[in-house]
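Novice: OK, Swiss-Prot features for this one:
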BINDING   130, 131, 132, 133, 134, 135, 136, 137  ATP binding site
């Protein structure tokens, strides 16, 4: 990874005592932000922890010295330094006078997205989730550069606070060939998003910090027009978006549905349930846990549906090491049994993620996979002729072992009617995280199509 920090352009504008101490500090390159509050000692926050920069407290003169050397603060109390990525935010008193400053270091880090480059090449819309300060803006800046320079796409950035491309009319070189549209006030971000699509023919729209209902609706409108979206929002995981009413439209929105008595009994749930309302604006979600560890949801639609049914989703965790190796770890997949009790046509979509089934995980790949100890598939057959299934599996040269112990099985195969009636089997399958496959009839053609799904 290559870093471009422009730290000197920020430090030279600070008061003398702060400037001197930072320049002499051994952890200068690990600086995250500088906090300047009236009547308090200046504080520097590093990746290793906070430290005071001076024994002297900050005065009005120190604050005025700094604010005169930066750009004017906008309506969201943010400012910057010309041709840099640093952000300065202010705190005001009741008379609207500045009595506190937060100087956040902006860094262009090249090579941060090498572990998810395959997701960018899929041309699907990507949503990045993370806590404040985890590095979402740095990542989205690098995504814009890779899409515009290396993949040669028409990229337009909607830069609300001038954080992505810097505080200048000339965009920072870190965004490559991507174009940047500035926003006069934060209230107009959703209008600029629509304007970018209508006026500038982009293939990709990059948006930082989607935070209001209007912006979420604008994102959905852009997605319906066939433009690839790359956006960020605050939140630890997808569940936070479900519980956040203004942002739930990003993942399709949620609604309360009342089921009939028969349907509720078939599903084994209560009559009033929560379901996804529409298609999500984004197809892929990336949860940024730490700087080098990200959780990937390759199909947001399926993940949201399973979360609403209180089931675990099949996700992957990607870790990037210093030697540029990517380690991919698949989490265990646990799905409610009723979602699997579909006919064999819809089963291909409803059940297991293609990259999470046991067969794929047992193959050799460019990456490292966990949960791949079993080289043979242990099949538990319920209310179907085992001789017929064995014959089909042998003809298809499928490595398998028929087992009568449910807890040792890799998957369960049975008839739809019998599985619907056996609630105990459903519960055990859910507790043991065992996927369930079903067929409507004991038909050789249905069983063959079902077995082909295992591959």
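Each residue, glycine too, has its Cβ placed from N, Cα and C.
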Novice: Within 10 Å of each Cβ, count the other Cβ atoms and name the one among the binding-site residues 131, 136 with the highest count.
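Specialist: Buried the deepest by this measure is 136.
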Novice: Cβ atoms within 10 Å, counted per site: which of 130, 132, 133, 135 has the most, among these binding-site residues?
Specialist: 130
Novice: Only counting partners 6 or more residues apart, tell me which same-chain residues put their Cβ under 8 Å from the Cβ of residue 137 (ATP binding site).
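Specialist: In sequence order, the residues whose Cβ lies under 8 Å from that of residue 137 (ATP binding site) (at least 6 apart) are 106, 163, 164, 208, 232.
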Novice: Around the Cβ of residue 134 (ATP binding site), how many other Cβ atoms lie within 10 Å? Please give the count over every shown protein chain.
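Specialist: A count of 18.
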Novice: Neighbours of the ATP site 130, 131, 132, 133, 134, 135, 136, 137: Cβ within 8 Å of the Cβ centroid, same chain, sequence order.
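Specialist: These residues sit around the ATP site: 288.
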